[in-house]
Amino acid sequence: MARAAGGSHAIRTVFFFATICILLFSHNVLSFYLPGVAPEDFQKGDLLNVKVNKLTSIKTQLPYSYYSLPFCRPNTIVDSRENLGEVLRGDRIENSAYVFRMREPQLCNVVCRLTLDAKTAKEFKDKIEDEYRVNMILDNLPLVVPIPRSEQEGPPIYQLGFHVGLRGQYAGSKDEKYFLHNHLSFTVKYHKDELTDSARIVGFEVTPYSVKHEYDGEWNENTRLTTCDPHAKSIVVSSNSPQEVEDKQEVIFTYDIAYQESEVKWASRWDTYLLMNDDQIHWFSIVNSLMIVLFLSGMVAMIMLRTLYRDISKYNELETQEEAQEETGWKLVHADVFRPPSHSDLLCVYVGTGVQFLGMVLVTMAFAVLGFLSPSNRGGLMTAMLFLWVFMGLFAGYAAARLYKMFKGTEWKKIALRTAFLFPAVVFGIFFVLNALIWGQKSSGAVPFGTMFALVFLWFGISVPLVFVGSYVGFRKPATENPVKTNKIPRQIPEQPWYMNPIFSILIGGILPFGAVFIELFFILSSIWLNQFYYIFGFLFIVFVILLVTCAEITVVLCYFQLCSEDYLWWWRSYLTSGSSALYLFLYATFYFFTKLDITKPVSGALYFGYMLIASYAFFVLTGTIGFYACFIFTRLIYSSVKID
């Protein structure tokens, strides 16, 4: 009967997971995108849907909706349906007033004309001062500005989006003026199919200009510009006569479209976007870091194997009670090594949360390496991580309950509740404060009420129940038996040498794991805060595996030295040893802020440090759990390998 019940329970679990997966992936099936899948063919003259996205700035990190500035508007603004990740990123994708027809070049098209007042002029000046860029999308490709390389030949560097305007001075004047980019020269690159005469879009570039447009007579719909007239062969090729941003200034927005045939195939169109600016330094640094860490890991493994083999052989050769009494080292603390630690409930909660994180990161990495989370699927990475975090609550509850039962705990519901709420509550609290700051700036990065409700539902409606299910299953299983018995009276710990001081050894233990990732961390931070693409998930996966190995080995080594010093309080120290790498991560993020970023506004600085605090906290939970389990397995192995009289 018990076996039948267990079988039916397993079937229900599998069915439950299958249902979840179908619900999860069916929601985004239309927006799910693999590089090289679902291309769109355009015939000559077909209307192209040009969309506008948020305004972004690396100086403020606060995105704004495109139409928060008085740009030219279409008759009706249609908001595209964004996924959860896009909303959290601050994306606001809308239709535009630009009209493109496939392979039909246009010159000097007038979009609209407006007269600035004091308010709109100030809005433009503020955005130009903060170096905001306009982002647009055509056939799911982001708009880029090609910048030629100054020192070497090769393909240009692509900058995402074009600047709203620029600051400058007239010749012979010291007064700084603001100039608006009101003429856009677009280039649409396409790959043509010779058989069907259809074409696929493979590139979307722009060169912005600031031009003070002029015309004769009164303005009407048929007015011809004297500064940009294809009939008079007068086209815009420079910003020699720029459009100034001042009160009562008339601004005319215009654009050109050129179509350029390209040899690049549709499946490879993202390759140019993903080229790193300093790819040689990137690859060399990654390989160098991996080689150093692998070498250190090999040395650590060799020392540990030789030393442990000698110790175990020596202990097992002891025959008399007199010899056993004279023994020293880690075997002496066998009756105390599995004594439950102080605050064991909290340790169970943190270990469970770490398992949840580890599962989320591993599955996300696997999808990213396979190409499911390419940059073309905007917001896909963040959406996937959120959903995976929620569903990994099952494993968090299971791991926390198993450890809790080993510590002779009985109130599994209390542990499940704390596991479900401790980490998410801290993160949600910080996130809520940051969101209030963004809301105060009227930025599109502020999460709307509906999305906030969806996040709370994911937490309370799915994650919390799954944690309880996992805890229930984990607690029902038999408790893990320790390989040796624990005395009722704890052994006195002798005075430790200075280098075995807990704080010192914990801080030393975090250096090596951080060293495994800090070079890759530079590129990740650049992609987040400098608005660059990051798509080297293959190398990131290798670095992550090296991080796992390094966390495990450094914790095992320091745990071994600690036990040899007859200090058996290893539970929390094993967690904190590898977890201390999060401290170095936060310190590096602080260094990066002051050396690489040009953030001056207090709100933007608070956003940076708030989000990096969340990232460091998550890194602490992840690496701490890896170190804990490595030490847990290690101690069980060595104490089950020796004869205990």
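Using the three backbone atoms N, Cα and C, a Cβ is placed for every residue, glycine included.
Residues 575-594 are the range that TrEMBL records as transmembrane segment, among 15-34, 575-594. Same-chain neighbours of the transmembrane segment (503-529): 58, 61, 276, 282, 285-286, 288-289, 292-293, 296, 536, 539-540, 543-544, 546-547, 550-551, 554-555, 558, 561-562, 573, 576-585, 588-589, 592, 596-597, 608, 623, 627, counting only residues six or more beyond its ends whose CB sits under 8 Å from a CB of the stretch. Two recorded stretches are said to be in contact when at least 3 C-beta pairs lie under 8 angstroms, sequence spacing 6 or more; the transmembrane segment (379-401) and the transmembrane segment (535-563) fall short of this definition. Contact check: the transmembrane segment (535-563) against the transmembrane segment (421-440) gives fewer than three Cβ pairs closer than 8 Å, residues 6 or more apart, which falls short of the contact criterion.
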